[in-house]
Number of protein chains: 2
Amino acid sequence: MTVDVDFGDDGLVPAVAQDAETGEVLMLAYVSPAALDRTRETGYAHYYSRSRDELWKKGGSSGHLQTVQEVRVDCDADTLLYLVDQEGGACHTGHRSCFYRTVDGDEVGEKVFDPDDVYE
Amino acid sequence: MTVDVDFGDDGLVPAVAQDAETGEVLMLAYVSPAALDRTRETGYAHYYSRSRDELWKKGGSSGHLQTVQEVRVDCDADTLLYLVDQEGGACHTGHRSCFYRTVDGDEVGEKVFDPDDVYE
């Protein structure tokens, strides 16, 4: 039985991407029904960009793909958890995780690539 | 330097709560500026309930408090990550994590309490 995901008024749910091996929380992005379908069909994480207003394959331009091991859903079925194998780094800043700073501004996350080498 | 969190149009940001010790992703909830202030002042996770429209101390009624070790912010400063010590279970269903099911409906998460014993 597939859980009936509650996409809400805007047709999107937040999805947390977590490294399936290390447990590191990598990023949060939004997912549309089509993005979830594409993720499940292809095994690669897809999201929906609210700023660009389009379906988006993670790593499509950077090569930093996320292979999805499992998709979980929370108790209210309005949030997803993608357990992924992350190629390279999840963050466009070059960090492994987008959560590379404390709210006090201390940098605690690992930088794994130079964005100038990856994005034109 | 404190990062200037972008609370957006609705004045809320999503916050992921992660077990600081095991790395398990426990839940996602929303945080207002006041909820973030209370979290930082008290060391206990606070959120903002969109359904009840009020500031909410996690575990205030259940006793299942979250002691916050660190608050992180993502690259766009519009999502938070709470690294917490979770008392009992995070989920009102009695599970340790709200993400106790796959999207296929398989139960993969640990049940740690009986909600009938905790909620009146």
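Any Cβ shown, glycine's included, is placed from N, Cα and C.
Secondary structure from DSSP puts A:ASP76 (Mg(2+) binding site) in coil. Its Cβ placed at the centre, A:ASP76 (Mg(2+) binding site) has 15 other Cβ atoms within 10 Å. Summarising the annotation, TrEMBL assigns Mg(2+) binding site to A:ASP74, A:ASP76, A:ASP78.
The feature Zn(2+) binding site is assigned by TrEMBL to A:CYS75, A:CYS91, A:CYS98.
Residues or ranges marked as domain 'Phosphoribosyl-AMP cyclohydrolase' by TrEMBL: A:27-100. Here the domain 'Phosphoribosyl-AMP cyclohydrolase' (A:27-100) returns a mean pLDDT of 97 for the predicted model.
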Task: Fewest other C-beta atoms within 10 angstroms, as judged across A:ASP74, A:ASP78, which are the binding-site residues - done: A:ASP78
TODO: With DSSP as the reference, give the number of residues of the domain 'Phosphoribosyl-AMP cyclohydrolase' (A:27-100) in helix, strand and coil.
DONE: 10 helix, 30 strand, 34 coil
TODO: Within 10 Å of the Cβ of A:CYS75 (Zn(2+) binding site), how many other Cβ atoms can you find? Include all protein chains, please.
DONE: 19
TODO: List the same-chain residues at least 6 positions away in sequence whose Cβ sits under 8 Å from the Cβ of A:CYS91 (Zn(2+) binding site), in sequence order, or say none.
DONE: A:LEU26, A:MET27, A:SER97, A:CYS98, A:TYR100, A:GLY109
